[in-house]
Amino acid sequence: MDESALTLGTIDVSYLPHSSEYSVGRCKHTSEEWGECGFRPTIFRSATLKWKESLMSRKRPFVGRCCYSCTPQSWDKFFNPSIPSLGLRNVIYINETHTRHRGWLARRLSYVLFIQERDVHKGMFATNVTENVLNSSRVQEAIAEVAAELNPDGSAQQQSKAVNKVKKKAKRILQEMVATVSPAMIRLTGWVLLKLFNSFFWNIQIHKGQLEMVKAATETNLPLLFLPVHRSHIDYLLLTFILFCHNIKAPYIASGNNLNIPIFSTLIHKLGGFFIRRRLDETPDGRKDVLYRALLHGHIVELLRQQQFLEIFLEGTRSRSGKTSCARAGLLSVVVDTLSTNVIPDILIIPVGISYDRIIEGHYNGEQLGKPKKNESLWSVARGVIRMLRKNYGCVRVDFAQPFSLKEYLESQSQKPVSALLSLEQALLPAILPSRPSDAADEGRDTSINESRNATDESLRRRLIANLAEHILFTASKSCAIMSTHIVACLLLYRHRQGIDLSTLVEDFFVMKEEVLARDFDLGFSGNSEDVVMHAIQLLGNCVTITHTSRNDEFFITPSTTVPSVFELNFYSNGVLHVFIMEAIIACSLYAVLNKRGLGGPTSTPPNLISQEQLVRKAASLCYLLSNEGTISLPCQTFYQVCHETVGKFIQYGILTVAEHDDQEDISPSLAEQQWDKKLPEPLSWRSDEEDEDSDFGEEQRDCYLKVSQSKEHQQFITFLQRLLGPLLEAYSSAAIFVHNFSGPVPEPEYLQKLHKYLITRTERNVAVYAESATYCLVKNAVKMFKDIGVFKETKQKRVSVLELSSTFLPQCNRQKLLEYILSFVVL
């Protein structure tokens, strides 16, 4: 790729950001712009005094309540009004008061006594798992099927030999898969972890009320399914350790077979871990591995039948971006199938949020820079432990969401009307290519609804499981506490990229903390803001530079501008992204609507007003564009509905104000008369076809027009929100630019490598506005999105995905429209 391509070459630059309009110095604001030392959240200053006072005196929010819409009966179970007030507890702080003994010797031996008094014994765990799995009907059928394929025309004797051969193979697989839990090993590991965690973590906080709900769930004699977010390898041990400390039996943990290494694998098996393949789909010859799938299914069914607890990581692998990744629902589908066969009466689902000040891996810069992932080995584990002992990784927070009934969730979904099945291509192409007649709004609506009514049971089942997985991950992500490193990294990258005085950073930190609490997210820290900020800066290490200035004897804090440091700061900054993600989407959509009019787009709206309906639809389309970046909203809500609610919050904050009646007179056509030139299909509306015709929605509605506040603090907040999505949108727009030079079919791994090299080169030559836009995660997500919306066709050649342009995007003009669409949201 030559340098001209890096500067966007011959592409129509009238739609591209002008570098002269961007100054990193815009990220730097004085303390006066954030307000005086009253530290009220800036966007709420226009609210009433009473509302502001209640905000400042608010208690910590209690996170993790289940969805009332999908599980109304579970909402009242395991919860009572006193639970939120039970407060936090540091799990690794143990002394003689946590044992039945007192005195000098008890103080010296408190760890040993505490571990010895935990309730763990052999009778808690599954027995005869291997034999029961091998004798299950599904496994027997799979063995017979595989044996028949090995010896299709053989005699009965040869067939018997083939069956025995397959059975031996099945036993070998189960030896790797089936865990043999050892109570003695759990106790020993508990004592070791108590020592280790105290050496490299300041504390591990849990909410006592949440643990009370989990304990109440264990008394139902139903299997529990723990579904945590996945940030670090420590996640595997952390949950088991916490449950052990509270006399709750250890769950069986699904682990990737990359951790099946000598000695370490034995430890994992003894603690309840069982290894599964990272890819279940195919055998080396390209066919489905019927035997392995049957064994895995039988193993999960047997554990649930014996009322064991399971722990599954829905993301499949550790998040390399700091955001909660999209769900991979393979194992979850096995759990749902088990319930549908009436083997067990019900399963209780418990999403789990885990937050670290600093993960023990430190960062994933190597993989984000495109280097291949190193395979785990005993030596790498030993080096990791030694490295951990040399450092302190700050605080950890684990949040257990309210348990909910899987049976109730499935029944509630079956009673809901089947909504339109919209693919990303159906949702976004009308916005990207509005002139395509086949994608007209009305036609898209009818087609999608007919497809949903004619959908097979299997497609509906897959959709149900995918929605369940998204529901769980959204709740787990919402439960994740915001850590001090998350806020400091976010402020340094997206408010003070050129540096800031420590005193101002502390003020802004306090403001951001209040903003987080106001959105019902909890914090993973407490104490004096200055101390907490210094703690975070210390943990961020070489990513932050501290210099002493002569002015007022002040310290000046600057984020490092090297690519690895920016990647690392972005990883921790993404820990706070989900707090503001919907507001950031509205802020970027606000820019898109206003910028379109500034470029002379067709509009009947006065220059100082914007259409709320147009803003909401524009934001809904951006939600679809970013849907590969994680779960943006609950699947029981449409993007249209969530965007509509977020615009309402902007009105509540005072960022947007509703135009006076006189201003709206004669300019607000009914919704039926409006023709958006980039209108999304009607199924994006949150109104159901089954709405009561007597309701207000049965009447003709008139659009609402809004004004944008011009106050400095509101404009600064909008800018901050827009910058949060800056790296994502720059990565997607750069990928769209790269598509202009696409030539011929190319293997997907090769294309990913070329695109990533292009983004890294832009960063190294200071062409990129956001260096963090070049992370490999964003490259993969952008290409996946382009496949989903129909830019690329994907074919398989020798088990390798090959990409080529679809007929829709063969014309250069359509690729240009894709680029223009993404750039319409980009603020520089």
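We count from 1, first residue shown onward.
Cβ coordinates come from backbone N, Cα and C, glycine included.
Feature annotations, reproduced from Swiss-Prot:
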- ARG278, ARG279, LYS288, ARG293, ARG328, ARG462: CoA binding site (BINDING)
- 442-455: compositional bias 'Basic and acidic residues' (COMPBIAS)
- 88-118: intramembrane segment (INTRAMEM)
- SER380: phosphoserine (MOD_RES)
- SER688: phosphoserine (MOD_RES)
- SER695: phosphoserine (MOD_RES)
- LYS780: N6-acetyllysine (MOD_RES)
- LYS784: N6-acetyllysine (MOD_RES)
- 80-120: region 'Important for mitochondrial localization' (REGION)
- 435-455: region 'Disordered' (REGION)
- 230-235: motif 'HXXXXD motif' (MOTIF)
- 1-87: topological domain 'Cytoplasmic' (TOPO_DOM)
- 119-828: topological domain 'Cytoplasmic' (TOPO_DOM)
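Everything Swiss-Prot records as a feature, shown here on the structure.
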| residue | record | DSSP class |
| --- | --- | --- |
| ARG278 | CoA binding site | coil |
| LYS288 | CoA binding site | coil |
| ARG293 | CoA binding site | helix |
| ARG328 | CoA binding site | coil |
| SER380 | phosphoserine | helix |
| ARG462 | CoA binding site | helix |
| LYS780 | N6-acetyllysine | helix |
- Task: Out of the modified residues SER380, LYS780, LYS784, give me the one sitting nearest to ARG462 (CoA binding site) by CA distance.
- Result: LYS784
- Query: Counting only residues 6+ away from its ends, which parts of the chain sit with a Cβ under 8 Å from the intramembrane segment (88-118)?
  - Reply: 187, 190-191, 194-195, 197-198, 201, 203-208, 241-242, 244-245, 247
- Task: Tally the residues of the motif 'HXXXXD motif' (230-235) by DSSP class, grouping H, G and I as helix, E and B as strand, and everything else as coil.
- Result: 1 helix, 0 strand, 5 coil
- Task: Name the one residue among ARG278, ARG279, ARG328, LYS780, LYS784 whose Cα is closest in three-dimensional space to that of SER380 (phosphoserine); these are the recorded positions.
- Result: ARG278
- Reported as an integer number of Å, what is the Cα distance between ARG328 (CoA binding site) and LYS784 (N6-acetyllysine)? 15
- By a simple count of other Cβ atoms within 10 Å, which of ARG278, ARG462, the binding-site residues in the record, is least packed? ARG278
- Message: Is it possible to list how many residues within the region 'Important for mitochondrial localization' (80-120) are helical, extended or coil according to DSSP?
- Response: 19 helix, 3 strand, 19 coil
- Item | the topological domain 'Cytoplasmic' (119-828) [mean pLDDT, rounded to integer] | 86
- Where's the emptiest Cβ shell within 10 Å among the recorded positions LYS288, ARG328, LYS780, LYS784? LYS288
- Task: Would you kindly give the Cα-Cα distance separating LYS784 (N6-acetyllysine) and ARG293 (CoA binding site), rounded to the nearest Å?
- Result: 26
- About how far apart, in whole Å, are the alpha carbons (Cα) of LYS780 (N6-acetyllysine) and ARG279 (CoA binding site)? 18
- Mind computing the max CA-CA distance among ARG278, ARG279, LYS288, ARG293, ARG328, ARG462, which the record assigns to CoA binding, rounded to whole Å? 20
- Task: Measuring Cα to Cα, tell me the gap between ARG278 (CoA binding site) and LYS784 (N6-acetyllysine) in whole angstrom.
- Result: 19
- Item | Between LYS784 (N6-acetyllysine) and ARG279 (CoA binding site), the C-alpha gap once rounded to whole angstrom | 18
